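> There's a structure below that I have some questions on.
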Amino acid sequence: MKPIIAPSVLASDFANLQSEVEMLNKSQADWLHIDIMDGQFVPNISFGFPVMQAIKKHAEKPMDVHLMIVKPELYIEQFREAGADSVTVHLEACNHLHRTVQQIKATGAKAGVALNPHTSVQLLEDIIADVDMVLLMSVNPGFGGQKFIENTYRKIEATKNLILRRNSQAIIEIDGGVNQQNASLLLQKGADVLVAGSFVFNASDPIQAIADLKSVTFN
Ligand code: DX5
Ligand code: ZN
């Protein structure tokens, strides 16, 4: 099966956002990955609702919103209204993760849970059956363009095993340092969705870079 490709808009040229989104519309990208950072949960600030709405105005593909913010439960409905098709919250940012997952689902959006590189997959044991997606961070969140952390392969296997054991429908998304070289092994281990920021937007031909990721094979 072909992977779902979700280019991260964080790496795009914000001064030319409309043409960047139109490029993604024309490409084989499946989703637009939208990184929201608050300067609290992560040491960086990205953008908020007005920019998201501007993207939504031109986007012809689902918006996959990754919340790197504290207290995400305060903003779920607003992100949905701003055009989120899926909303992913960090396990580390939620005191009542089960409640927040139900809150996301009640808006009609898909619910994802993200884990930082140091967070054990075992902590998903009692929530995995309720979530639509697990996002495994393969870099420390906050910045694009970082080096892929190799331990991610092991975490994909552990997540896949947990999904099967608990009869969950969740899919696995990998975020950070993804490129054409590591994509094949990521898929082989069980990844379903590949997020790619710098690999796509730093390429001389982003449409081709997306096509290259989409056509990565594994056995
Ligand atoms: C990092 C973000 C990622 C990032 C990926 O905190 O969650 O989505 O934009 O960028 P690359 O692919 O450059 O690592
Ligand atoms: Zn992200």
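Keep in mind that glycine also has a Cβ here, set from the backbone N, Cα and C atoms.
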> In TrEMBL, the residues H33, D35, H66 are said to bind divalent metal cation. Which of D175, D192, D205 is said to bind at that same site?
D175
> Taking the binding-site residues D35, H66, G142, D175, G177, which residues show a Cβ-atom distance to ligand 2 below 6 Å?
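Those binding-site residues that pass the cut-off, since their Cβ is under 6 Å from ligand 2, are D35, H66, D175.
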> When you measure from the Cβ of D175 (substrate binding site), how many other Cβ atoms are you left with inside 10 Å?
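Its Cβ shell of radius 10 Å holds 25 other Cβ atoms.
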> Out of S8, S198, which has the highest number of nearby Cβ atoms, where nearby means within 10 Å of its Cβ, if these are the binding-site residues?
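In terms of Cβ crowding, the pick is S8.
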